[in-house]
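Inspection log for the structure reproduced underneath, given as structure tokens.
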């Protein structure tokens with residue numbers, strides 16, 4: 001849906017796509033609440049087939065909705081700003097986006113903390129609060145203004161020429177022959193790849209309430225990191241756009257080495273010292289000293305995620321100012337990102353499993369996470385060298401118009 005939603009957004013507009021897209025989150029939360037009630041709050045209890053079916057349906061439905069929502073968001077963040085504001089616009093979105101996660105984890109942590117290190121991390125009140133908030137988001141989407149009514153800060157207007165289904169389908173297919181999109185493909189696919197490790201083997205080290213506590217600061221660090229990179233570096237108009245793009249590339253290289261170097265040290269120390277055996281969890285309330293080091297590392301992972309997302313979107317926005325083109329680019333980014341993310345989860349859920357006797361160790365999963373990020377650095381550098389210019393010039397690439405306003 002991510003791939004198709006860029007074209008669909010050009011036809012229906014971001015207001016309709018965001019409103020429809022928002023419904024998936026409330027449905028998904030309701031499905032998880034249904035499982036929670038069916039199990040009586042006991043994670044080890046069997047799940048009825050009906051609850052499983054609803055959950056699987058909700059997973060597919062939220063995937064369709066997320067594709068639409070992110071295409072609408074991508075067009076807004078990449079099209080509405082001027083060339084010197086694109087890092088700030090996406091960073092602003094990323095701050096708002098992650099403050100939602102901060103709010104959610106704060107609510108869940110506050111309500112579950114009193115249950116102790118072995119307590120249930122969710123309850124009826126939390127599920128109902130999330131469902132209501134998510135449903136409200138879909139309604140608020142109707143307040144989004146149509147792109148054709150938007151006047152940028154430099155007094156240029158966002159253009160929305162008429163289009164149709166056939167044209168959009170053809171233009172989406174052409175993205176896979178577009179040199180710029182093919183160059184940024186590996187970074188797009190890598191941008192959610194690391195979640196499988198961070199939310200899986202690494203997160204499994206923590207108790208339920210400590211997971212919520214560290215998640216609050218993980219998402220806060222994402223908000224802070226997005227603003228620092230997007231606003232303070234990528235949109236620093238004291239320097240040319242090519243200089244800013246290369247600065248971002250250097251920051252990505254440095255943080256990749258530093259943060260994953262720390263992650264490797266933690267993972268190998270954990271294995272060699274026999275820390276965190278099965279059934280034992282790090283708990284901030286019981287042993288804060290043991291919690292602090294992995295907590296700081298997790299915060300660094302949050303910073304890295306924000307840097308990766310903001311920088312990738314900045315590069316995509318640097319090669320066009322055209323509303324239609326950027327909507328398709330945003331769909332390409334989300335579609336390839338989600339496709340790779342699905343593969344990552346599927347490998348751990350269906351291919352490498354305990355039942356088959358080939359389950360990957362936590363250390364192996366760590367390196368599976370790191371390698372695509374390292375490879376992405378080379379493609380970032382190629383993209384900066386070949387495609388990023390100080391200003392977007394009018395040209396035509398494989399039938400897709402790239403306009404500068």
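Note that Cβ sites are derived from N, Cα and C of the backbone, with glycine treated the same way.
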Which one of 288-307, 308-327 shows up in TrEMBL as transmembrane segment?
288-307
List, by number or range, the same-chain residues at least 6 past the transmembrane segment (12-31) whose CB is under 8 A from its CB atoms?
5, 51, 54-55, 57-59, 61-73, 75-76, 127, 130-131, 134-135, 137-142, 144-147, 160
For the transmembrane segment (175-195), distant same-chain residues with Cβ under 8 A (at least six beyond the ends):
3, 301, 304-305, 308-309, 312, 315-316, 319, 328-329, 332-333, 336-341, 344, 369-370, 372-373, 375-376, 379-380, 382-383, 386-387, 397-398, 400
Is the transmembrane segment (125-144) in contact with the transmembrane segment (366-388), using three or more Cβ pairs under 8 angstroms as the rule and ignoring pairs under 6 apart in sequence?
no
Is the transmembrane segment (125-144) in contact with the transmembrane segment (288-307), using at least 3 Cβ pairs under 8 Å (sequence separation of 6 or more) as the test?
no
When counting Cβ pairs under 8 Å to the transmembrane segment (93-113), the leader among 51-72, 125-144, 215-234, 246-268:
215-234
Please work out which recorded stretch in 51-72, 125-144, 246-268 has the most C-beta pairs separated by under 8 angstroms from the transmembrane segment (215-234)?
246-268
Tertiary contacts of the transmembrane segment (125-144) (same chain, 6+ residues out, Cβ under 8 Å):
14-15, 18-23, 25-26, 29-30, 32-33, 36, 72, 76, 104, 107-108, 111-112
